[in-house]
Structures are given as C-alpha cells and as structure tokens.
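Data first, discussion second: the structure below is written as structure tokens.
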Amino acid sequence: MGKRVYDPIHDTFQLREDNSDETKADSPMQSVKSGSQEEASPSSIQSETETVTTKSIPVIHEIEIDDKNDDDSTQSEEENTNILLNFEPSTVPEATGASTATGPVTTNTVRRKPKESNASKYNRHLKKPDGEPFNRKDIQFSFMQELLMDKRQIFTNVLKPLYKNSIVPINIDGDKLSINVTDKEYDARTFVFNDKLTFAQLYVLTIATSIKCSKILRDKLLLDQQVAFSTCVLALLVNIGRLNTTINFYLEMTSQLRTFHSVPVLQLHANDPKLLQDTPRLKSILKNLPWGNEQLSLMETYKKVDQNDGEVDTVNKFNIINMLFSICDNSGLIDKRFLSKYVEVESKAQEQDMVDEQNEVKETEAENEKQESKAAYATTLFDILDYSKYEPKDRSNILIWLLYIHLETNLSQEEVEESVRFFNGLEDGAPAGKFILRCTERSYDTDPEDELEFGANQRIKRREFMSKMEEGRKRERTNVTEVKKPSIGGDKSEEDGEGEDDKSEETVEETRSLLTPTPILESSSPMTLNRKKVTPQLPKVTPAAPTETEEEITSAAIIDKNDLNLTPLKKYNSSATVNKVDKLISLDLNKHVSENGKTQEEFLADLKKSQVPNRLKRRDIGLIKIFNEFEDIPVASVLGIRGKKRKKFKDNLLGFETDFMKNLGASKKVLLNKIERAEIDDEEATAMFKLE
C-alpha cells in the first residue's frame, strides 16, 4: 500500500508506493494514467469512496461572478474558470468521475448573479442635453399638482414649537379652510398653528424649517404662492429621486459641473428669473432639517412590527421629507409589504380578457390565469412615481397613504387596514379592500404652445450665451499667447538679446497703441525687422453730426500680428448715455419726497438736524458706561502697579495694590455721581461728555 501525498502545484492528492521505484512523487504522469484506467471501469468508480486509488482528486471552486456588466465584458468565460483559490481540496461526487482526465484537473463551477430586472434608483434621473427644457411630462406635472391639491387634513402638525416665536397667525372668518400652495389666496399664516395639516401644508412648512433655508427664501415660502408651489414641485422631484444634483435653472449659469434646463410650466409667468432653486441647494435644504432627520431603517422597523406590535411607536418621530427619502430607498420592501397586498391594477382591456377567458376555459384554468394576470399587472413604487400610465389621482392617493401609515400609525395590520378603509371612503367594520390603480390612455401632461415657445427661446438663448462665453475664452487665450509669444526673426541680432523685459514692454505699448483710434504707423520695433513693409490703410468713416439722442460711433483699427491686416472695430462713445444718467440723477434729487414740498437733500438735512440731540445723548450715555465698566486692571498695568497678568481683582491679594485699586474705583463712583447731579445747562461741567 502506498500513502497519499499532497501535490501543492496541482492542488491534488497523489498516491505514492514505498517499495516501488517506478512510482515517485515527482512523476505524477503515472498516477494520472492509472487514474484514467480506473475511471473507465465502473467498479473503480463505485469503490472510489471506500478505497484509496491513484486517481487525482479534482477541487471544485465556486466562483461568484457579478453579471451586472456582462454585456460590456470582452473576457471569455473560460478565462474566468481558470482561477485557483487557496481552498482546501474537497471530495468529488461520483458524477464527476465519469469524465476522462488527462492530468490533475481543477474544475470551477461558475455561479452567476441574476440581473436586476427592476429599475434602480440611480437610473431614474431625468437626463437631457444642456439647454433642453423639462416639459410637463418630464416632471409629471399633473401628478405633482394632484399631490399638492389634496384637501384632507390628516397629518399632525408637529411644527408648532418651531414657528411659535417667528410667525403671527391670521384668523379666517367662518369655517377653517384648507388652503394649499396651489391656491391663489395662499398664506402660511392661516394654517401654521392648525392641529391637522394637508400634505402640501406639512411639506412646505417642513422645507421652511431647514437650517440651510435663507431668511428671504423662508419668507417667500410662507407668503408667496408662486415660490411655494414651484419650490415644492422641484423639492418633491429631488425627494423621490427624479432630479439629481447637477441641474440648474438659471440661464446664465457658467459652472461646467451643472447643466441648464428650463421648466416652462413654472417659469413662463414668473417675474424673477432666479425663482427656481438649483437642485444641489434643494438637496442641501432637504437634508438639513432641525428635527426628525435621524437615520431610519424600515427593515428593522418592520421586523419589530412583526414580532410585537406594541413596542413600535413611529408616530410623529420623523419628518415627512426624511420618511419619503426612506420609502424610495426601500422600494422593494414597500412593494412586497404594502403595494402587493393593498394595491390592485385595473384596466379595461384586462377586464375584457378575463371575461372571455372565463367563458371559454374551465374554472381551474381561469383561476390560474387570473393569478398570472395579476402578477403580470403588478405595479411597483417606481411605476407609480415615474410613469403616467395610471390616473394621477390614484397615484397621489397611494403615495399620501404610504406616508400616512408611516407617520400617523404604528404600522400594525389593524391600523393599516383601517387606513385603507379611510382612504377608500368605507365605513368602519367594512372589509378593507384594496386601492384601485386605474390605467389611463389620456395624456394629462400636454404642453401648450406658449410653453413650447418659451422652452425653445430659452434653448436658443442658452446656446448664444455659451457661444459668447466660448468666444471670450478664446479671446483670452489668444491674448495670453500673443503676450507670451517670442519675437520672430531669421537671425539673432543684438535686438534679440535685449531681454524679456524690453520685449514685454514693447508688446504692451503696441497693444495700447492699437486700442487708440489714431492712425497706426509702421512699427520700428525688432518684431517687424524681417517682415515685409506694409502700409496700413484705415477705412474711411464719414463723420456724423453728434446729437443728444444718438450715440457717437468712432472706428478704431486693430492690427492682426500675423499678417498686419487691419480689422475695424466699432467703439461706442458713452457721452449721450452719461448725459441721460446726469439728467435722471438731477430729476431724482429735485423730486419732492415729503408733503411740505422738500427735496431729498432738504429732507435728509432736516432728518440729521432732528437726530442731533438723540445722538449726543447716546454719546454721553456710552462714554459714562465705558468709564464706569472699564476694568481697572489694565489701567493699573499701564501705571506699573500690577503685573501683566490681567486677571479679575480679588480682595487681600496684593496688599498695597488692592488698596490702590479700591481707591481708584471709589473715586470713579464719586466722579460719576457729581456728573449725574450736575445741571444739564452747565456746559462747562459736562463738556468732557458732549460733542463739540
């Protein structure tokens, strides 16, 4: 009998006989031959697990390959299977012994990951070239409008303490109306202290509490309906993952890391061109809220709900923006736990197919087809948020319901079913039922002609602006290269060795002379020694009679340094403009600004004169306060009594110095008492505390 020896090169166990000189450890070919002979006999295959043979034992490696980028990979699958890992050799099943082996074999079983069929949250962003507008269909305008128009006051107002000292509420006569950001009479002061709020009211109030929200934007969000509506629409698109942080809505944006896109439905009738906030700023506002912004794990929450419903309490613990972020990040959990159970897709074509199948097929086959049709028509959260194939009213109803059960209930099955009955308008005790998500063929998001024209004009203006920016950059680059360009000459003469300073000065003087409208003579600088002499001819310009209403136009000639061709450049004289500005300034100064017929300068002079007593009084009070509250220790340090350690004075600390400081403080009090008791008319006594 031989003994098994591990072969580290081939990662197999070989059989070595002690008495035979022919079979050695360094010659594995014989063991391979004997192994191949035994593989051919069925008896050897059956006794493989019981007795030790000379067959080399292959090692099976399980390699996990990510198949996400399988389409782009040019590497063959055979190259991936030749990977040797430092795994311990394992026993081969009997099925693997049927194949013949020519040597020590290492087989690897490749296990591929299934490709993701559903859309990822990272490829849902709106992507268009720079300058292309976002139309109504891109931003799902009808869906956003239905969300912000919802009148149900079902969300608890947890923002009262944040607005307690900053807003004065306005009382509405009669019954309380739910005013949303879609209403023309919108004013957040009418509902900021209500106990219950609508979705739009809670959303806009939450945005206004952000730490990154400026004072101006906060006031506009609370008082301006146009700003509040447009900001809520864009914030919702960022919140659900439809807009990434590389989008700007200002036409003259120059950042290379951003792309400009107009939104005609929000910008057409806007007065401010900078009405819309860019998406990086919106993301910063949404992520920096003062409360309820903690990390939320819906998976752990659902596990706690399944274990014990009583221990989970998520009511009023998170803000609505953070909750919407978490719902979109965990779309798979939402689909499995809620949408598959409580949402049913309904379409007319599907109903007709179901009726025909029930009439023709048996009952058992019909039931199977029903289940298959339900699975085929199953919807996801991203389908509801991104696509317009469903009714906007149904989509908004489902999204508000998802936010409601996560913010206002403990997510138990009883409360979830009760919320379904409430949203469907059913009575208590009735079956919970499901949400009906109706398919539609109607195109709700149709752009009118004026919005299409606005988007086209914005695209054209953007291209013109970018072309001007590119021309400016090219002009700057050419100017820099011309200044740094060395002088061109055939031979290096003495003029070439004058130094870089002289050349730079000459080029600067030359460029200055080029900008003047005077005729340019032939340059005698070293730069033009070896060039052909060219006599420049200025284009004749007919002088026009200057008037006050028309601008005087003069032509200046600029020399092209390559061929010395003259290109006329129009230069506008701003004398007429200056005269207009002077007239406007004089009219503004002579304009009567008060009821007494006084001009602006006279009114300012009277105002300064009336404020003189108050200014003197403030001056006196300030001087007395400074003199009274000024620390004595710096004074003592100046006099040389104390050291330079400016600590607060303590009794019986330094003896003589302590007595001196006490005397100084007492003298100050006596002096101040005399000044306070003195008469106000005595100017000589109080001259030191008054302005002369």
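Cβ atoms are placed via backbone N, Cα and C, with glycine included.
In Swiss-Prot, the feature phosphoserine is attached to one residue out of Ser27, Ser41, namely Ser27. Per Swiss-Prot, the residue from the list Ser20, Ser43, Ser487 bearing the note phosphoserine is Ser487. Looking at the stretches 110-155, 340-385, 570-615, the one that Swiss-Prot records under the feature coiled coil is 340-385.
Note on Ser31, Ser47, Ser493: Swiss-Prot annotates phosphoserine at Ser493; no matching annotation appears for the rest, which is not proof of its absence. Scan Swiss-Prot for phosphoserine across Ser34, Ser44, Ser504 and the hit is Ser504.
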